[in-house]
Amino acid sequence: MSIARRTTLSKFLIEQQRETNNLPADLRLLIEVVARACKAISYNVSKGALGDALGTAGSENVQGEVQKKLDILSNEILLDANEWGGNLAAMASEEMETFFPIPANYPRGEYLLVFDPLDGSSNIDVNVSIGTIFSVLRCPDGKQATEESFLQPGTEQVAAGYAVYGPQTVFVLTTGNGVNCFTLDREVGSWVLTQSNMQIPADTREYAINASNARHWYDPVKRYVDELNAGKDGPRGDNFNMRWIASMVADVHRILNRGGIFMYPADKRTPDRPGKLRLMYEANPMSFIVEQAGGAATTGTQRIMEVQPTGLHQRVPVFLGSKNEVKRVTGYHDEAK
């Protein structure tokens, strides 16, 4: 791809704004600011031990998870980049117990930004791909946000995306008009369009799940995975491969490129906790992206984006990816009711 013919993220968004007329200028600017923050996070991640940002920070987030130094730094980068631009009413993050209203000394906009600043951070110290996930909603109360302002189903998202900090740094985005992938050109500092209209194959022979939890699974999940593992001699009549990175952004990015199903089910260890992944800033944005790429995403019993949130840090079971496999495992849950 010649430099002269490259489409940068800024150019892509401006063209979308002109062609479809459904990408408001404030939303375009917000996406560009988030992408710029992801560049800064990528830079800090890539420094590794040289940047004195590896290891734990000696604190826990609202979920009781030990925070890594890069968790906190990435959260601060996203807050600092977005608080002053005038596009947001408030932000919410995995790393903060409550929402962050835009300070009174800055102009406020009509959007809400929800994010997981560094997904897969347990992999930081071993140099496995990690990333940032974000979701954008309109503030129903204008520019004066409350916690309830965020509690909208995923169908209300106006944009969602993620960045993967791996061998290449990529930024995947949807505004409800397909899914596109941009790769960071570090020499010039630009996001360059490298994949357009990404599509997930309807069928797959790959699945992603943490098999070490198999003894805790409920029957529908156990039935589904047992059938996959039975291979050609089993009821599916085909061989399946398991892939598990323990980094949602990396697993979903693989599925977006070559198909597969990602599963993080609820299990019997904590019957009162419906799953581990957070609805607002993990499941919803990833579901929006996957559906826009022709895939499906459910909790096992309902479409993820139709779940009505009850809290910023609500958890849900997640089954997403290739449409026919998601349909099958969801059907097994229906049969077990």
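From the backbone N, Cα and C atoms, a Cβ is placed for every residue, glycine too.
Secondary structure from DSSP puts Glu94 (Mg(2+) 1 binding site) in coil. A 10 Å cutoff on Cβ-Cβ distances gives Glu94 (Mg(2+) 1 binding site) a total of 25 other Cβ atoms nearby, all chains included. Feature annotation from Swiss-Prot assigns Mg(2+) 1 binding site to Glu94, Asp116, Leu118; the stated evidence is sequence analysis.
DSSP assigns Asp116 (Mg(2+) 1 binding site) to a strand segment in the three-state reduction. Among the features that Swiss-Prot reports, Mg(2+) 2 binding site is placed at Asp116, Asp119, Glu282, with the record citing sequence analysis.
Among the features that Swiss-Prot reports, substrate binding site is placed at Asp119, Gly120, Ser121, Ser122, Asn210, Lys276. Within 10 Å of the C-beta of Lys276 (substrate binding site) there are 18 other C-beta atoms, taking all protein chains into account.
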>> Return the residues near Asn210 (substrate binding site) by Cβ distance under 8 Å, restricted to its own chain and a separation of at least 6 in sequence.
In response: Trp244, Ala246, Tyr264
> Can you tell me how far the Cα of Lys276 (substrate binding site) sits from the Cα of Leu118 (Mg(2+) 1 binding site), in Å?
Replying inline: 16
>> Quick check for the class: what is the C-alpha distance, in angstrom and rounded, between Glu94 (Mg(2+) 1 binding site) and Glu282 (Mg(2+) 2 binding site)?
In response: 9
> Rounded to an integer, what is the Cα-Cα distance in Å between Ser121 (substrate binding site) and Glu282 (Mg(2+) 2 binding site)?
Replying inline: 14
